[in-house]
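Asker: The active site annotation in Swiss-Prot covers Cys105, His262, Asn286. What Swiss-Prot lists as Ca(2+) 1 binding site is Asp588, Asn590, Thr592, Thr594, Glu599. The domain 'Calpain catalytic' feature in Swiss-Prot is assigned to 45-344; the stated evidence is sequence analysis. Per Swiss-Prot, domain 'EF-hand 1' is recorded for 575-610. As annotated by Swiss-Prot, domain 'EF-hand 2' applies to 618-640. The feature domain 'EF-hand 3' is assigned by Swiss-Prot to 670-703, with sequence analysis given as support. According to Swiss-Prot, the region 'Domain III' annotation covers 356-379.
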Amino acid sequence: MAAQAAGVSRQRAATQGLGSNQNALKYLGQDFKTLRQQCLDSGVLFKDPEFPACPSALGYKDLGPGSPQTQGIIWKRPTELCPSPQFIVGGATRTDICQGGLGDCWLLAAIASLTLNEELLYRVVPRDQDFQENYAGIFHFQFWQYGEWVEVVIDDRLPTKNGQLLFLHSEQGNEFWSALLEKAYAKLNGCYEALAGGSTVEGFEDFTGGISEFYDLKKPPANLYQIIRKALCAGSLLGCSIDVSSAAEAEAITSQKLVKSHAYSVTGVEEVNFQGHPEKLIRLRNPWGEVEWSGAWSDDAPEWNHIDPRRKEELDKKVEDGEFWMSLSDFVRQFSRLEICNLSPDSLSSEEVHKWNLVLFNGHWTRGSTAGGCQNYPATYWTNPQFKIRLDEVDEDQEESIGEPCCTVLLGLMQKNRRWRKRIGQGMLSIGYAVYQVPKELESHTDAHLGRDFFLAYQPSARTSTYVNLREVSGRARLPPGEYLVVPSTFEPFKDGEFCLRVFSEKKAQALEIGDVVAGNPYEPHPSEVDQEDDQFRRLFEKLAGKDSEITANALKILLNEAFSKRTDIKFDGFNINTCREMISLLDSNGTGTLGAVEFKTLWLKIQKYLEIYWETDYNHSGTIDAHEMRTALRKAGFTLNSQVQQTIALRYACSKLGINFDSFVACMIRLETLFKLFSLLDEDKDGMVQLSLAEWLCCVLV
């Protein structure tokens, strides 16, 4: 329940601008300025209670408490490591990024690329901090997280061994911005060890809020050089790596001194005149620093002697910093994949710079409710979250073209908070999405999920080529104008997870989550049915009614259990007393806590209707319905509910094996009827909103 309330609170805060880079969320409620002032007033250096300098901050396995790798580690402040520590020395540069004993080269490559764009850098690394004025042992950084910016506060105690920083450090021994940035990112993800292993674009996106694309260099686009050049000019961040065929090859060094599975950052491209012909060059950087490419165009390679000496002086900087040049043709041969985090994605496909429009959806895959798996599982696939976008305006550069006009969209599906789960053995889920064009007759269909039959009848217009266990999968699609349904999913069903779905479109797109409507029109027996004489029913009622001709919750329990216990077509262990109390609460019109004959007859007819729906929805006649079938049952019962409510129902009423027995089903129906009835009574002006005091709200939810 607390999670649902927190989600509602976040949504309301976002509508008021909270979560922008200028108004970042305070991670764990810590405010940098307030905490720093408290430390300055008290004369005490900050010690972060939320990320203490202790073994748990290091890791949980290889860097866990008691691990040989963590023996001898001492946490020290920069003021204890050198006489005159500096936050940044001479501006932040790529050489400030030197890898330590943590396998987070992917992150370091992203940080190195970040230094190429000062505006981006200082969004992540605020300028208002140093070791001189107002120093209080506290620093702060900002990161993009799933659609919103968060401010992370840390103290400056860093893990050291033998007097040296253990992890990320700068070539300048007295410069600490990069080490502190790594610590803040470790805090955001739970610990340092959680940063081991990843994709460079993950860091790119968390530093910029951009969206990433991947290029397979075994099948490079013909205009690869132009793509890279324009991306760098647009301030985009680029990384590349060499794939390995087995774990044994990881970090292996090739004969020409390239490190396999290592994350390199792309820092520049140039074209030179080489022996009378243009030669395209690309500049890369290895965060390790010590290992550099030894092939053509490397430091001291003979190729440099055959170009204009002035160009050679400009480009050939002989520094052992891990940065080097190579030809574009060698780059394509040697590397496997290129990753680009687009800050202005349209600059890659058009000479003109346009501001793309962004639509952001947040959602959950909840086991038993909205975790339907991929198209290989048609029985549950349709229960995945569904989002609709409408594309009306075609791309500008195609409005006058002869071919079919199209709308370019860039889709990115990102799973949330998976690094936190590494410590409990849960890695990234395999995720993907599919895009379906909505037929004209269904374009106005937004109140409920499209069902199984739709997905059996229609094929996707665009989709991820494969499901992969990366934090984000993304891709471009060129679609004719129209209405489209986007379905994000995990590969296998019943996998819990959170996600955000981003849709960039060149022209503005209308967006709506399918099934976002909440409404209820439950079955009400006709008065003639209630008034109809039934001798058997009357004898049953009189048998358990008291002298006042009223039935209590205990009597109701006995009566109903006796009536339904003989059925063999449903699994029924009996109604519990709380369900019976809910029944009375719904129909007790005079507040006595009991039911009269007419009220009981109404209840009896409702339960018969619930039984009919339950039996119809139990497609495999197992005697129970599963949580995915519950969505259909609710619709049959007259309830239109959004995904959040569906997920809450699955969490509350389904058992561990995702089955819902008849008692739980009836309890859910009764509870929903009660809540809709209460809301309708309180919503006097019928605007879909009610305002209650705390006492009034408690009385309602405790009914």
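Every residue number used here counts from 1 along the chain in the order it is shown.
Positions of Cβ are set from backbone N, Cα and C atoms, glycine also.
I'd like these features described in context: how deep, what's nearby, how far apart.
Answerer: Following the DSSP three-state reduction, the secondary structure of Cys105 (active site) is helix. Counted within 10 Å of its Cβ, the other Cβ atoms near Cys105 (active site) come to 26, all protein chains included.
Annotation note: His262 (active site) sits in a coil segment as assigned by DSSP.
Around the Cβ of Asn286 (active site), the number of neighbouring Cβ atoms within 10 Å comes to 25.
Residues within less than 8 Å, Cβ to Cβ, of Thr592 (Ca(2+) 1 binding site) and separated from it by at least 6 positions along the same chain comprise Glu550. DSSP classifies Thr592 (Ca(2+) 1 binding site) as coil under the three-state reduction.
Taking Cβ pairs closer than 8 Å, the domain 'EF-hand 2' (618-640) reaches residues 367-369, 372, 379-380, 383, 447-449, 451, 515, 517-523, 569-571, 609-610, 646, 649-650, 653-654, 658-662, 665, 668-669, 672, 676 in its own chain, all 6 or more past its ends.
Within the chain carrying the domain 'EF-hand 3' (670-703), a Cβ under 8 angstroms from the stretch's Cβ atoms is held by residues 520, 522, 579, 582-583, 585-586, 634, 637, 639, all 6 or more beyond its ends.
Sequence-distant neighbours of the region 'Domain III' (356-379) (same chain, 6+ residues past either end, Cβ-Cβ under 8 Å): 146-147, 344-346, 385, 387, 389, 410, 432, 434, 452, 455-456, 467, 488-509, 511, 513, 626-628, 630-631, 643, 646-647, 649-651, 654, 658.
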Asker: I want the residues beyond Asp588, Asn590, Thr592, Thr594, Glu599 whose C-beta is within 8 angstroms of the mean position of the Ca(2+) 1 site's C-beta atoms, in chain order.
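Answerer: Counting only non-site residues, the set is Glu550, Ile584, Leu587, Ser589, Gly591, Gly593, Leu595, Gly596.
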Asker: How many Å separate the Cα atoms of Asp588 (Ca(2+) 1 binding site) and His262 (active site)?
Answerer: 69
Asker: Among the binding-site residues Asn590, Thr594, Glu599, whose Cα is within 10 A of the Cα of Cys105 (active site)?
Answerer: none
Asker: Could you state the CA-to-CA distance between Asn286 (active site) and Asn590 (Ca(2+) 1 binding site) to the nearest Å?
Answerer: 77
Asker: Would you identify which of the binding-site residues Asn590, Thr594 has the most other C-beta atoms lying within 10 angstroms of its C-beta?
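Answerer: For the binding-site residues Asn590, Thr594, the Cβ with the most other Cβ atoms within 10 Å is Thr594.
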Asker: Taking the Cβ of each of the binding-site residues and counting other Cβ atoms inside 10 Å, which one has the highest number: Asp588, Glu599?
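Answerer: Output for this query is Glu599.
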Asker: Count the residues of the domain 'EF-hand 2' (618-640) that DSSP assigns to helix (H, G, I), to strand (E, B) and to coil, and report the three numbers in that order.
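Answerer: Residue counts for the domain 'EF-hand 2' (618-640) by secondary structure: 10 helix, 4 strand, 9 coil.
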